[in-house]
Amino acid sequence: MAVTVGVICAIPQELAYLRGVLVDAKRQQVAQILFDSGQLDAHRVVLAAAGMGKVNTGLTATLLADRFGCRTIVFTGVAGGLDPELCIGDIVIADRVVQHDFGLLTDERLRPYQPGHIPFIEPTERLGYPVDPAVIDRVKHRLDGFTLAPLSTAAGGGGRQPRIYYGTILTGDQYLHCERTRNRLHHELGGMAVEMEGGAVAQICASFDIPWLVIRALSDLAGADSGVDFNRFVGEVAASSARVLLRLLPVLTAC
């Protein structure tokens, strides 16, 4: 039986490319969220326009799993880079996500902790949600040798070919526009990129016991220029993230 993949995006720029290549599309609205069912490269998918943030994404992921019967859920879109070795246009595929804004406030600082737990109520040693290693192995094999085009000159591309990385992606309900915080999150939590939705996808999919994946293209570097960079690069890098998703659909429908 063919597996239906749920695909979540937060903003219109992230959905535009995928909606443009979706065939046999049928649209419905549930809880003010637009869902487009159809096929991408002959694979059954449901595209969802979640809106930004963890609550919107959690609601959307729940509907995809429960109402639409999706057996794998993917978030594809853009993110801010945390790792100084990365550049705008690079792709980060999560092998783990951490909600950096959930935890225990003490001495005016937040100690990140696993969602659903605090140190003195249901304590746990876990922090974050790992992607199924078998899924990551299939993803890496499928993307071996896969290349992405450099950003255009119009978008400020300098001819460098974007690279694909695997690592920790951080999630929080803030748009990061601060170099000090960026450096701290990278140093303390090992985050390669930061965004506002992936942690919710992971938490919901863990509850439903279904596979998930987060694919992010860097639209900015989460520092003082992040707003300028975002508007300059978002369209092109979001399309790059979508192309990676299309490449991965054969292995995601096998999950």
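Cβ atoms are placed via backbone N, Cα and C, with glycine included.
Here is what Swiss-Prot says about this protein:
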- Glu14: active site, proton acceptor (ACT_SITE)
- Asp220: active site, proton donor (ACT_SITE)
- Gly80, Leu176, Met196, Glu197: substrate binding site (BINDING)
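Distribution of Swiss-Prot features across the structure.
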residue : record                       : Cβ contacts under 8 Å, 6 or more apart
Glu14   : active site, proton acceptor : Thr76, Gly77, Val78, Ala238, Ser241, Ala242
Met196  : substrate binding site       : Ala10, Met52, Gly53, Lys54, Thr57, Thr171, Gly172, Asp173, Gln174, Tyr175
Glu197  : substrate binding site       : Ile8, Ala10, Ala50, Met52, Gly53, Lys54, Asn56, Thr57, Phe75, Gly77, Thr171
Between any two of Gly80, Leu176, Met196, Glu197, the residues recorded as binding substrate, what is the biggest Cα to Cα distance in Å?
13
Secondary structure of Glu197 (substrate binding site) (DSSP, helix/strand/coil):
coil
Collapsed DSSP category at the residue listed as 'active site, proton acceptor':
helix
